[in-house]
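Below: the structure, in structure tokens.
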Amino acid sequence: MPPPLAPPPVLPRPLLLHLGEELSLRVGGGSPEGVGEKEKRSEEPPPSLDLTFHLLREVLQMARNERLNQQATSNRALMDSFGK
Amino acid sequence: MSVAPRTHFLLFLISLSSRMGLSRYIEDIEAADGLYSLLSLDQKRDSEDFIFRRPLRCLDMLATDGSYTFVASRPQLACAAFIIAEPSEVISLELSDVNIDCSAGDFIKMFDGWVLKGEKFPSKQDHELPLHQRYTDYCSSPATGATSRSSQNVAMIFFRLHSADSGFTLAIKKLHNPFPCNIMSQSPEGSFTMVLPHQRKNCSFSIIYPVEIRLTDLSLGHAKSNELNPQRQLWSGCSGSGDYVELLGGNGVDTSMMFPVAALCFSLSGLAQVKIGCDNSVVRLVSSGNYINRVSFQYRLLEQSELPKTQENALDNFCSVE
């Protein structure tokens, strides 16, 4: 039985407060119309993300920490397997 | 041993080396699967439990192999996830369990690189594919649009879901890249060696921090004298030299829009260092394809005291350089 999904890392409160100020997310590329979606999709500008470098570095650091924690967990599980 | 037999003996040794595929520049030392290779078959089957899984956020950064599931609790019209690997890796993405309504305007798009404020990394000049080929649109073709592989260590996914309970699962797997080109550093400190063996292309190593960069080794096709040539306003640089290394600074991710800080046109055997007080610092290797070019460098985060002071009424938009 697969283990339950791990919860995503919780964003720190200062980061959450900054999201409203610093983050502007513009993601285009979709059309609500049913006719000619492919043509309309190809004409629309590609998606982009308005994110400050400060916020980008914050989430990057969180991702690095998550990877290190996961590596430690994986190594621990492997060592437990060796002991069986 | 006289000269002629010695020559023949040396040629014999060289021919043996070439048949064995020994190369100074191609070193792909793999530790196989590391600890994983020591497991028995049963243990390896059980290792499915070792696959990392977690929910995907509307705004996310992913640096771990695994499976990420997004389920919309409400309409999510502007979501994106950055994906980053180690410098010597590329990223394989695969969508599964996709439950979206393309006709209603939902979409999932994977991008070969990063997009930030409209700027792309790698830039159009540095990427081998035209821009439209760097996007993989699931809705355009669910059969082929469910998988994507990046050309460098960064990728992105954009998605829009209009209905609650719609969603998808994204599987991330990193693959080894023996000749990395165009790298986004995960950390503000480290070292790297970039090698371009007879390849006509431009490769950038991007560090999204203000850093001091120290070039420790530079080997370019033409070996002549060398001097670090800092340029601030008049940029003559190394244009026309064919193969060179340039240091760039700027406040975006598109290297073609960044300011040239310095350029080195000739091989370097000593140490050269530059402080770049910009949000993004880049080492870019421009290669004609005629030679084997190599650049090694170290970088560290600039301390707060080393960052430039804000000047009032400053009209110069260029980050400080020392």
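Each Cβ is built from the backbone N, Cα and C atoms, and glycine gets one as well.
Sequence annotations record features per position, and here TrEMBL assigns signal peptide to B:1-23. Taken from TrEMBL, the feature domain 'Corticotropin-releasing factor binding protein N-terminal' applies to B:51-175. Marked as disulfide bond by TrEMBL: B:C58-B:C79, B:C102-B:C139, B:C181-B:C203, B:C238-B:C265, B:C278-B:C319. As annotated by TrEMBL, domain 'Corticotropin-releasing factor binding protein C-terminal' applies to B:183-307.
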Cα-to-Cα gap, B:C203 (disulfide bond) vs B:C319 (disulfide bond), nearest whole Å: 22
Alpha-carbon spacing, B:C102 (disulfide bond) to B:C79 (disulfide bond), which is rounded to whole Å: 16
Under 8 Å by Cβ from B:C181 (disulfide bond), same chain, sequence gap 6 or more: B:D126, B:S151, B:Q152, B:M194, B:L196, B:Q199, B:K201, B:C203
Cβ-based isolation winner (fewest other Cβ atoms within 10 Å) among the disulfide-bonded residues B:C58, B:C79, B:C139, B:C203: B:C58
Distance, B:C58 (disulfide bond) to B:C278 (disulfide bond) (CA atoms, angstrom): 29
Assigned element (helix, strand, coil) containing B:C102 (disulfide bond), judged by DSSP: helix
